[in-house]
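**Student:** One structure is given below, represented as structure tokens, and several questions about it will come after.
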Amino acid sequence: MERISIIGAGSWGTALGILLAKSGHQVKIWSILKDEIKMLNEEREHKDKLPGIAIPSNIYGTTDLKEAMEDTKIVVMAVPSKFVRETSKKVKEFIQKDQIIVNVAKGLEESTLLSLAEVIEEEMPDNEVAVLSGPSHAEEVAKDIPTTCVVGANSKSVANKVQDVFMSKTFRVYTSPDIKGIELGGALKNVIALAAGISDGLNFGDNTKAALMTRGIAELSRLGIAMGASVHTFAGLSGIGDLIVTCTSMHSRNRRAGILIGQGQTLEEAIKEVNMVVEGVNTAKAAYEISKKYAIEMPIIEQIYKVLFENKNPKEAVEDLMLRDKTNEHKKLDMDFNKTIEWYKE
Ligand SMILES: NC(=O)C1=CN([C@@H]2O[C@H](COP(=O)(O)OP(=O)(O)OC[C@H]3O[C@@H](n4cnc5c(N)ncnc54)[C@H](O)[C@@H]3O)[C@@H](O)[C@H]2O)C=CC1
Ligand SMILES: O=C(CO)COP(=O)(O)O
């Protein structure tokens, strides 16, 4: 049994709290929102975000961060990306050196283009920061539906520790040293999921979605390699795995927002209707900037950026993607293979 603090009581923080509590851990969950904590403690249910799912008795909710941080070994950061910096600054006041921080949010910091673990590390440089990511919708994890994730950390012992804490008969956790790749996969797939949703909203078919997913992971991998991540990570749970679940599931907030945009709603209307964080929107901006910074071609990201922020008609965006210059399927992805084949050399 471990003592664990969860910072953020949205759908993901609450679902992970339920998972950990059912494994017998003692869980404290913190939210900045008084009503949310009152609901968790008194009604023993997150009625807005995980309706119908009981909160086990070994979860205690608090709005007092000092109390939340006391006497725990693992601190799970589960606030949306736009709150990660300010929440980290608050957490920093109470953090102990031996507490492991596990980031589970998926996004990038828009102003700095940093990953979220990098933001947390900047604020709390003396602590070990791990990341947990993969195809894992809160709605299913909270219902004990078998799920797999990967934990990334700089130190193997930290990764193993987090793996041990989260593993259960319904939640299988792998380890990896590639924090950068895991975070990029988790953040950028949300932008591709918006695209997949838009495609569904436009009533395009399975062919179109398969194209977006496959060419999407090619874009993510190209950027990841340029930023020092491992190509293998993008073929794993936090890459293609999370891309599959987010582009195909009706639980996905990003896909649902995309569907509404494809059906003609404005971005603001779609975000309002989804009523939970749609991380792909801010990530689209950051990803577009990063692709320019690293001079990596990311045509789907570019078109989504234009649809979201330059009012480009989604149908036109699809046409522009289809009519791009002709090209090979693999470019920088497979350098060793490319070298051996004459036609890639020109
Ligand atoms: N929902 C899911 O299935 C999954 C979500 N994630 C990631 O987890 C992160 C959180 O997502 P959700 O829980 O779905 O979001 P959500 O929209 O359900 O919850 C947002 C929560 O953020 C907290 N919050 C609101 N204002 C705040 C503030 N000013 N400062 C600090 N905290 C504040 C509140 O607890 C609120 O309920 C996102 O980055 C998301 O991509 C990752 C995997 C699965
Ligand atoms: O990351 C997720 C599932 O792995 C959640 O995706 P959405 O935010 O699109 O629901």
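Placed from the backbone N, Cα and C atoms, the Cβ positions cover glycine too.
So TrEMBL lists the following for this protein:
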DOMAIN    4-158  domain 'Glycerol-3-phosphate dehydrogenase NAD-dependent N-terminal'
BINDING   Gly8, Ala9, Gly10, Ser11, Trp12, Gly13, Phe83, Ala138, Arg253  NAD(+) binding site
BINDING   Ser11, Trp12, Lys106, Ala138, Arg253, Val277, Glu279  NADPH binding site
BINDING   Lys106, Gly134, Ser136, Lys189, Asp242, Ser252, Arg253, Asn254  sn-glycerol 3-phosphate binding site
BINDING   Lys106, Arg253, Asn254  substrate binding site
DOMAIN    178-319  domain 'Glycerol-3-phosphate dehydrogenase NAD-dependent C-terminal'
ACT_SITE  Lys189  active site, proton acceptor
**Student:** Around the recorded NADPH site, report the further residues of that chain (criterion: Cβ within 8 Å of the mean position of the Cβ atoms of Ser11, Trp12, Lys106, Ala138, Arg253, Val277, Glu279; site residues excluded), sequence-ordered.
**Tutor:** Gly10, Pro80, Ala105, Met276
**Student:** Under 6 Å from ligand 2 by C-beta, which of these binding-site residues make it: Gly8, Gly10, Ser11, Trp12, Phe83, Ala138? Sequence order, please.
**Tutor:** none
**Student:** When the pLDDT values for the domain 'Glycerol-3-phosphate dehydrogenase NAD-dependent C-terminal' (178-319) are averaged, what is the result?
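**Tutor:** Across the residues of the domain 'Glycerol-3-phosphate dehydrogenase NAD-dependent C-terminal' (178-319) the model's pLDDT averages 97 on the 0 to 100 scale.
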**Student:** Who sits close to Gly10 (NAD(+) binding site): which same-chain residues at least 6 apart have their Cβ under 8 Å from its Cβ?
**Tutor:** Lys49, Ala78, Val79, Pro80, Met276, Val277
**Student:** What's the CA to CA span in angstrom from Ser11 (NADPH binding site) over to Ser252 (sn-glycerol 3-phosphate binding site)?
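**Tutor:** Pair distance, Cα basis, whole Å: 12 Å.
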**Student:** Counting Cβ atoms within 10 Å of each candidate's own Cβ, which of the binding-site residues Trp12, Phe83 comes out highest?
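**Tutor:** Max Cβ neighbours within 10 Å, all protein chains included: Trp12.
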**Student:** Under the DSSP assignment, what numbers of helix, strand and coil residues are found in the domain 'Glycerol-3-phosphate dehydrogenase NAD-dependent C-terminal' (178-319)?
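**Tutor:** Per-class counts: 110 helix, 0 strand, 32 coil.
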**Student:** What's the longest C-alpha separation between any two of Lys106, Arg253, Asn254, the listed substrate-binding residues, in angstrom?
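**Tutor:** Greatest Cα separation within the listed binding residues comes to 13 Å.
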**Student:** Greatest CA-CA distance (Å) over the residues Gly8, Ala9, Gly10, Ser11, Trp12, Gly13, Phe83, Ala138, Arg253 that the record ties to NAD(+)?
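**Tutor:** Roughly 19 Å, rounded to the nearest whole number.
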**Student:** Are any of the binding-site residues Gly134, Lys189, Asp242, Ser252, Arg253, Asn254 near ligand 1, with a Cβ under 6 Å from it, and if so which?
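**Tutor:** Checked binding-site residues vs ligand 1; nothing flagged, none.
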**Student:** Which of the binding-site residues Trp12, Ser136, Ser252, Asn254 has its Cα nearest to the Cα of Glu279 (NADPH binding site)?
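**Tutor:** Its closest listed neighbour, by Cα, is Asn254.
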**Student:** Counting Cβ neighbours within 10 Å across all chains shown, tell me which of the binding-site residues Gly8, Gly134 comes out on top.
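**Tutor:** Its Cβ has the most other Cβ atoms within 10 Å: Gly8.
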**Student:** Could you give the Cα-Cα distance between Gly8 (NAD(+) binding site) and Ala138 (NADPH binding site), in whole Å?
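**Tutor:** Their Cα atoms are separated by 13 Å.
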**Student:** Rounded to the nearest angstrom, how far is the Cα of Lys106 (NADPH binding site) from the Cα of Lys189 (sn-glycerol 3-phosphate binding site)?
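**Tutor:** Here the two Cα atoms lie 9 Å apart.
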**Student:** Let me make sure I understand the span of the NADPH site: among Ser11, Trp12, Lys106, Ala138, Arg253, Val277, Glu279, what is the greatest distance between any two Cα atoms, in Å?
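**Tutor:** With Ser11, Trp12, Lys106, Ala138, Arg253, Val277, Glu279 as the binding residues for NADPH, the largest Cα distance is 15 Å.
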